[in-house]
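See structure below.
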Amino acid sequence: MEFFDTIVAILESTIRVSVPLIFAALAGLFTERAGVFDIGLEGKMLGAAFAAGAVAAVTGSVLMGLLAAILISVLLSLVHGYASITQRGSQIVSGVAINFIVAGSTVILGEAWFRQGGRTPALDADARFQTVTFPFADAVKDVPIFGPIYSNLLSGHFILTYVAFLLVPFSWWVLYRTRFGLRLRAVGENPGAVDTAGISVIWLRYRAVICCGILCGFAGAYLSLAMSAGFVKGMTAGKGYIALAALIFAKWRPVNIMMACLLFGFLDALAIRLQGNPLPFIGQVPVQLMQALPYILTVILLAGFIGKAVPPKAGGVPYVKER
Amino acid sequence: MSNPYAKLPAWAEYGLIPLVNLVVAFLVAGLVVLLVGENPLNAAYHMINGAFGRGEYIGFTLYYATTFIFTGLSVAVAFHAGLFNIGSEGQAYIGGIGVALACLWLDKTMPWFVVFPLAIVGSAAFGALWAFLPGWLQAKRGSHVVITTIMFNFIASSLMVYLLTRVLKPLGSMAPQTRTFEAGGQLPKLDWLLSVFGLEVGNAPFNVSFLLALLAAFGVWVLIWRTKLGYEMRTMGFSPSAARYAGMKEARITVIVMMISGGLAGLMALNPIMGEQFRMQLDFVQGAGFVGIAVALMGRSHPAGIIPAAILFGMLYQGGAEIAFEMPSISRDMIVIIQGLVILFAGALENMFRPAIGRGFATFGRRFPVAAERGA
């Protein structure tokens, strides 16, 4: 029974750490499927987390915090869009630039405005997301097997957690069952054809980039308004890159993305759990190996040893209209 | 690839446009300083004074510049072949192993000029090794080098934490670092070079690896513009299909270029490890690999541009420390913003001002046809 409880506890923290990855990886899905590569997920997430923490601390409203996160993240996306769509600059370079600008300015502005060493003030209960308890969660807690699963694993998460998991089928529906989704995918594979059909490649890509901004806003808000009570400098800690890895690992498909994020989240949760606890048969696993595992797995996948990750065909190439 | 912009005279292409982009980047950085409630002109004064005000400050500026010349060259070499190596950070980090091994092995018995060549070979070999796999994966399996090098940065960082906390750390010590090297593992300072100009180097760790950096810059120039490999690299970077059609071996070039790039990044480890700290510490690279991206973009991937760009970033690092001291509300993270802005304006938005400048030349060109002709 103790073993079962441990598993439930690990799975519960798996869900908790996967949520920002799911938001960010879905964000990346929208732009990359439209042919705009984005390694600036990390920066957008960090900027959004800072905006959420700062605005929620000043206004005391969680909703204002979320809106600020989305606003900042969309603005950063538009910078990326302007550089890589309108100015036809390198998408990689632009993403790198955004990561640095945000990493520096969140610390400088945070320190100047709040003077707490790059943090935003700790948030009250009203100014952050609350956990949702399902009906009867307390009542069935002691029922064996079903009880812990229902009341610990399914119930008791933040509303954003449920939003993240609902966004997975929603993204699938948008990308595969709507006209917008079809065009978005087409513009990532063959923008020339889309242009010939009389649809604006530029405007379509801008809309994809805005979708990315909105989702990164959610990811950032989750970090500073749900997972912890306020912004801490550098709090994304590479999550944007893990999300990018998950996106590739999932071969740019929504449901696979959820699975990949849960896998990487699970590795993360397991690494924390295993610190100091040797595994049966294998013995002590260095925690650094567990931390590096998502990246190693992604490289192995990219090498084509587990399936093949084929990116959108027109990804990374700015579209030049025929002159 | 077709270039939709009019050709500009060389001095505008390599001087004016980078300068305009740089000025815009600094103006935006000035806005951030204003937002924080400080005077940007004051900040600029403290920065320049902090970077060049005294011999010691100049020593520090050049010490940082040494690091950035290596990483800038590393990124630039890959750029020429059309590859974007974001992994200089990780390659430099792994390169540290080569330096540390050479020093730990011989520092007690041999003088520095015996250890130094070994450390050079070691650092370059380890850096190249770390770049080999991404290069090979790109060449043979088509895995995008940008993504694999990002992943390799994280893997390198985990690996180094493991090595420094478990393998390379002396017994009984808590700090995650190697033991301090004896005289053989310490590079001599270049105090004589500064004293030629009547300057005192003071405590600045300005050391022999600066000369190695200059040598590497020259070597890169020879490689890219004076060798067959360099010609093939540039062809591949300009048009991969042309290179293929001309019978150049793409896979081979990709792997070699990535290894050269990784080796140059690895050399960077000499400067902090043998030149300043005399031991290998956790996270000694401190983002220098990423600064290399900004340096390479600003220097237009030419060694003659990379050296001044590296000195500029050295100035930002050293002067930035001085600003942080004089203006407490502006910490060293300001440099990270400036670095990002330079990457944005000199890299991703490099064409933003080009049409305007091109128009300017078109108007003036009609008035001074000679200048325009020479430019074309």
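The backbone N, Cα and C atoms fix where each Cβ goes, and this holds for glycine too.
According to TrEMBL, the feature transmembrane segment maps to B:12-37, B:57-79, B:113-133, B:145-164, B:204-224, B:253-274, B:280-299, B:306-324, B:330-349.
Using a Cβ-Cβ cut-off under 8 Å and counting only residues 6 or more beyond its ends in the same chain, the transmembrane segment (B:306-324) has close neighbours at 43, 46-52, 57, 60-69, 72-73, 76, 214, 217, 291, 294-296, 298-299, 330-332, 334-335, 338-339. Most Cβ pairs within less than 8 Å of the transmembrane segment (B:253-274), among stretches B:113-133, B:145-164, B:204-224, B:280-299, belong to B:113-133. The stretch in B:57-79, B:204-224, B:280-299 that contributes the largest number of Cβ pairs under 8 Å to the transmembrane segment (B:330-349) is B:280-299.
Within its own chain, the transmembrane segment (B:57-79) has Cβ neighbours under 8 Å at 49-51, 85, 88-89, 91-92, 145, 189, 194, 199, 201-202, 204-207, 209-210, 213-214, 216-217, 220, 223-224, 233, 237, 257-258, 260-262, 264-265, 267-268, 271-272, 275-276, 288-289, 291-293, 295-296, 299, 301-303, 306-307, 309-311, 313-315, 317-319, 322, counting only residues six or more beyond its boundaries. For the transmembrane segment (B:204-224), same-chain residues at least 6 beyond its ends with a Cβ under 8 Å from one of its own Cβ atoms are 55-60, 62-63, 65-66, 69-70, 73, 76-77, 80, 116, 120, 187-191, 193-194, 230, 233-234, 260, 264, 267, 270-271, 274-276, 302-304, 306-307.
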